[in-house]
Amino acid sequence: MAERGELDLTGAKQNTGVWLVKVPKYLSQQWAKAPGRGEVGKLRIAKNQGRTEVSFTLNEDLANIHDIGGKPASVSAPREHPFVLQSVGGQTLTVFTESSSDKLSLEGIVVQRAECRPAANENYMRLKRLQIEESSKPVRLSQQLDKVVTTNYKPVANHQYNIEYERKKKEDGKRARADKQHVLDMLFSAFEKHQYYNLKDLVDITKQPVSYLKDILKEIGVQNVKGIHKNTWELKPEYRHYQVEEKSD
């Protein structure tokens, strides 16, 4: 946006209400693949016992994802996306458009905020696992040498790597770190059986060092800090395979 764009208020749509909706990254990427100004899906707004329910259904021809992180893949994106409605919270939010001549036009006032979340089905769980697996791959890869290394190294009593490894092994109670993807699989499997776990039980299940396990848990879970499930862990909403009951005010 230009620093000194001209604001055009001619016919300003100050009474036009617009929605501000947060959507998953993969969904916006699939929308971008739609030809021209074609249809990307259907929005459904209904009333259920006086409450507004909104959901978005992605077109079937846009559900196929062929790459993740620039790497070839073959997975189906979730098609059903229920909305979580949120209040504007007393804020005044507006939407502007900018023309090629740097003119700004007021398009409307934000009257509703929402988050478009995927239904936690098998397609979505597989997509998230592939995304986590791709993001967990090391940037540096080992390379096989075709020549013998002849560089001479002076012998030392103990290498720094070994010293550090022994120190960590003592701190972690001699627990060895497993591959991250393997730990994720164990955690997802555990949370399919129960919604809540304390950290000690998850350590017993995965046999992983506490600090290492907590780092992985923070990626897929949240720790409850109050209520009857205080100090327990559960999956983030986007990873859950169950429906959370609505809490009464």
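First residue shown is number 1, and so on along the chain.
Glycine is treated like the rest: Cβ placed from N, Cα and C.
Owing to the predicted nature of the structure, the values given are computational and were not obtained by experimental measurement.
What Swiss-Prot records for A2 is N-acetylalanine, and it gives similarity to another entry as the kind of evidence. Residues or ranges marked as N6-acetyllysine in Swiss-Prot (evidence: similarity to another entry): K22, K33, K137. Annotation comment: Swiss-Prot describes S142, S248 as phosphoserine. Taken from Swiss-Prot, the feature DNA binding site covers G227, H229, and the record attributes it to similarity to another entry.
Annotated features taken from Swiss-Prot, shown on the structure.
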residue : record           : DSSP class
K22     : N6-acetyllysine  : strand
K33     : N6-acetyllysine  : coil
S142    : phosphoserine    : coil
G227    : DNA binding site : coil
Other CB atoms, at most 10 A from the CB of H229 (DNA binding site): 15
Around the Cβ of K33 (N6-acetyllysine), the count of other Cβ atoms that are within 10 Å: 13
Cα-to-Cα gap, H229 (DNA binding site) vs S142 (phosphoserine), nearest whole Å: 44
Spatial neighbour of G227 (DNA binding site) that is closest, considering only the modified residues K22, K33, S142 and their CA atoms: K22
Which of K22, S142, G227, all recorded positions, has a Cβ with the fewest other Cβ atoms inside 10 Å: S142
C-alpha spacing of K22 (N6-acetyllysine) relative to S142 (phosphoserine), in angstrom: 40
